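Trainee: One structure follows; several queries about it will come next.
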Amino acid sequence: MKLLPSVMLKLFLAAVLSALVTGESLERLRRGLAAATSNPDPPTGSTNQLLPTGGDRAQGVQDLEGTDLNLFKVAFSSKPQGLATPSKERNGKKKKKGKGLGKKRDPCLRKYKDYCIHGECRYLQEFRTPSCKCLPGYHGHRCHGLTLPVENPLYTYDHTTVLAVVAVVLSSVCLLVIVGLLMFRYHRRGGYDLESEEKVKLGVASSH
């Protein structure tokens with residue numbers, strides 16, 4: 001319904017323009033006829049210029065039709081722009097203001113930029129406090145604590161058992177070596193004592 005007045009107005013303007021163009025051509029024809037009736041002599045160059053020939057008339061009619069068609073095309077192709085009412089302008093301003101208020105800056109980017117030591121900062125809008133997502137191996141409110149690796153009890157038990165077995169074997173070897181040395185020394189000392197006794201006996205016998 002809003003488009004109808006603008007379309008009617010454009011059609012009216014097109015009709016007025018076509019009427020003006022047609023009126024000018026009719027006025028020219030009337031002047032030419034009046035000059036011809038007042039001067040019954042054969043038409044001269046000036047009269048020929050006033051009276052349009054058949055080709056000129058056809059060309060004028062085609063020009064008028066083309067002008068009318070162009071005006072009608074422009075009238076139907078152009079879309080009338082809606083009038084900006086104060087209510088629409090206010091609504092547009094409110095929407096722009098709302099969009100500006102909705103975009104809040106993340107406090108983790110400025111205020112709490114260095115809050116998390118070993119982690120990623122995340123601001124909780126509901127509680128209005130920053131929170132940290134710690135990296136693997138760290139814990140704490142600000143990811144400041146280092147988590148030590150926990151040893152496997154089974155692995156610890158196996159390691160201790162191996163050490164104990166190695167210690168027992170080494171101790172046994174040491175004992176065997178010590179016993180062997182003692183036995184070797186005892187046998188060597190016993191042989192030395194026998195030799196000394198024999199020498200003593202031989203010396204006593206020779207003296208007699």
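Note: Cβ is positioned from N, Cα and C throughout, glycine not excepted.
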Trainee: Where Swiss-Prot annotates a disulfide for C121, which of C108, C134 is the other cysteine?
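Mentor: Partner cysteine, according to Swiss-Prot: C108.
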Trainee: Roughly how many Å separate the Cα of C116 (disulfide bond) from that of C143 (disulfide bond), to the nearest whole number?
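Mentor: So the alpha carbons of C116 (disulfide bond) and C143 (disulfide bond) sit roughly 6 Å from each other.
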Trainee: How long is the line from the C-alpha of C108 (disulfide bond) to the C-alpha of C132 (disulfide bond), rounded to the nearest angstrom?
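Mentor: Between the Cα atoms of C108 (disulfide bond) and C132 (disulfide bond), the distance comes to 10 Å.
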Trainee: For C134 (disulfide bond), what is the tally of other C-beta atoms lying within 10 angstroms of its C-beta?
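Mentor: I get 19 for this one.
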Trainee: Average the pLDDT scores across the topological domain 'Cytoplasmic' (185-208) and report the rounded value.
Mentor: 67
Trainee: Counting by DSSP secondary structure, give me helix, strand and coil numbers for the domain 'EGF-like' (104-144).
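Mentor: The breakdown for the domain 'EGF-like' (104-144) reads 3 helix, 14 strand, 24 coil.
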